[in-house]
Structures are given as C-alpha cells and as structure tokens.
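Student: Here it is, the structure in full.
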Amino acid sequence: MAAENSSVTEFILAGLTDQPGLRMLLFFLFLGFYVVTVVGNLGLITLIGLNSHLHTPMYFFLFNLSFIDFCYSTVITPKMLMSFVSKKNIITYAGCMTQLFFFLFFVVSESFILSAMAYDRYVAICNPLVYTATMSPQVCLLLLLGVYVMGFAGAMAHTTCMMRLTFCANNLVDHYMCDILPLLERSCTSTYVNELVVFVVVGIDIGVPTVTIFISYALILTSILHIHSTKGRSKAFSTCSSHIIAVSLFFGSGAFMYLKPSSLLPMNQGKVSSLFYTTVVPMLNPLIYSLRNKDVKVALKKSLSKKLFS
C-alpha cells in the first residue's frame, strides 16, 4: 500500500548512528534492554494473573501498564535492532504507517493509564473507607475503556493526517522508527495541518493526564500532611514515589520531543529523547512499580516456592 498521491513505496530508517564501530555495541545494549523489558513486563503480567490477592484495582492498572509497555516496546525495538545489523533498514510504506499507528496507540494509552493509576492512589489514600465502592470492577473497566479509546483516537488522528501527505523521492527517515516529526521532514507538501494536529492532540494527550495527575497528587499531599503517624506518612510517600518517577520520565521526554518547534529541536536530540519513552521507561516500569512493592515480592516468593516444591 502507498499513499495515492505519493510515489514512495518504502522508507529507509537511518537508525541511531552511522558509525560502524558503535553499531554492534548498541545492538547488544538495546537487545539487553529489550530482553529485560519483555521478561519484566511479561513476568509481572503472569504474577498478577496467577495471584488472587493481587486482583485489586491498583494491580489491575499495573497489569495493563505492563501489557502496554510490552506491546509498544515490541512495536519499536526489533526494527531498531535491525538498523544496527543491516546496511539499509528498509520498511514499506504500509509497514511504516502501521508502526506509527500502533506506537501512537500504545504511547497515548500509557499516558492515560498513568493518570488512571494516579486517580486510584488518590482514592486509596484520601478516601480509604469508600475505596472498594469507588473503584469497583465496573468503574475500573470504564476507566480502562477510556484509556484505550483515547489511545485509538490519538493514533487515528495522527496516522490519517500522515497518510494524506505526499512524500519526496528522498525516502531516508532520520530516525530509528516511523515517528511523526521525522516523517514530516520527508513531505513534499505543506505539513501545517499535521503540525497543528500534533500540538492540539499531543497537548490533550499530555495535558489532560498531567492535570489529572497533578490534582490527584496535590490532594494526596494534603491528605498525607494530615497523617500524624510517621510510619503512615512514610508508607503513603513510598506508594507514590515510584509512580512520580515514572510519570516524570515519560511525560518529560514526551513533552520535550513533541511540544517544541522542530527548528528548536535537532533530530539527533529528538532521537535521544524518544529513547526514554520507547526503551528506558518500558524497561524501568516493572522495576520501579513492583520490586519496591512488598505485595509483589511476597507473591513472587510464593510462586517460586510452589514451583520449587512441585
């Protein structure tokens, strides 16, 4: 499939570097990152699924966060690894648009699942007596539906606008994946509408979750300050700290990449920035959300004990 008004049927992805000496080093580095990402996220998904005491709203959202991280890392990383071992890392037009759609779908879904998790923590800390009723299975499913609907809407908006463009004969994309900004550089026609969509849609996809998270944590902080027990305050802060770190990495790198005019952000810096939310964040999330969590540690020990005894 190619755009009806474009002669380009395939793109060449430039990758992270054109220095042969660095390629194999980066290949094994990012292969290691991907293995840790896959093992960590699938391990957490399996652990939550097999342990009934983890079937709570908090771990329901964590289950879906791990699923999203696994999926969008898989959409990006294998193709990026190809750029380190291939002379020309070619991707078809259809493959490029497909990668763009699914990358955007999962990355937007992640931003909203993080805001849903912040709301869950707000209810748990500020309204513990009504937590079970407020975060009922029906409410959790509706929140999750909203997460994926926003992901689909954002991905469709960007991908549809991208497919209306005419691409030039120079089909070398200065990136390791089919992302919005590097593809816009290859367009022969005006990208004004696309840039407007980027600022509006990305503004919504970053702005709405950010405001939700900010308000949730402002209320959480107020509630924590009213806790007289030092142990209680420490536990509440510990519950929130991991989420705050992940949110800062994810939204910070995303805003830096998309909410600046391309003239102020050289593509090389954009590639490095995008590595945080395509590679680093999916790898770190299982660690910062689970390994510091006592419930997950207990569930892991029980699962390992059962396997060893069986």
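For all residues, glycine too, the Cβ spot is worked out from N, Cα and C.
A quick note: this is a predicted structure, and the numbers were derived from the prediction, not measured.
In case it helps, TrEMBL gives these features for our protein:
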TRANSMEM  25-47  transmembrane segment
DOMAIN    40-289  domain 'G-protein coupled receptors family 1 profile'
TRANSMEM  59-78  transmembrane segment
TRANSMEM  90-119  transmembrane segment
TRANSMEM  139-157  transmembrane segment
TRANSMEM  196-224  transmembrane segment
TRANSMEM  236-259  transmembrane segment
TRANSMEM  274-291  transmembrane segment
Student: Select the range from 59-78, 90-119, 139-157, 196-224, 274-291 that forms the most Cβ-Cβ pairs under 8 Å with the transmembrane segment (25-47).
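Tutor: Stretch with maximum Cβ contacts: 59-78.
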Student: For the transmembrane segment (196-224), name the stretch out of 90-119, 139-157, 274-291 with the most CB-CB pairs under 8 Å.
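Tutor: Per the Cβ under 8 Å count, 90-119.
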Student: Please indicate, using numbers and ranges, the residues of the same chain that are 6 or more beyond the transmembrane segment (90-119) and have a C-beta under 8 Å from a C-beta there.
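Tutor: Cβ under 8 Å, 6 or more out: 1-3, 6, 8-13, 58, 61-62, 64-65, 68-69, 71-72, 75-76, 79, 143-144, 146-148, 150-152, 154-156, 158-159, 162-163, 173, 177-180, 183, 205-206, 208-210, 212-213, 216-217, 243, 246-247, 250-251, 254, 277-278.
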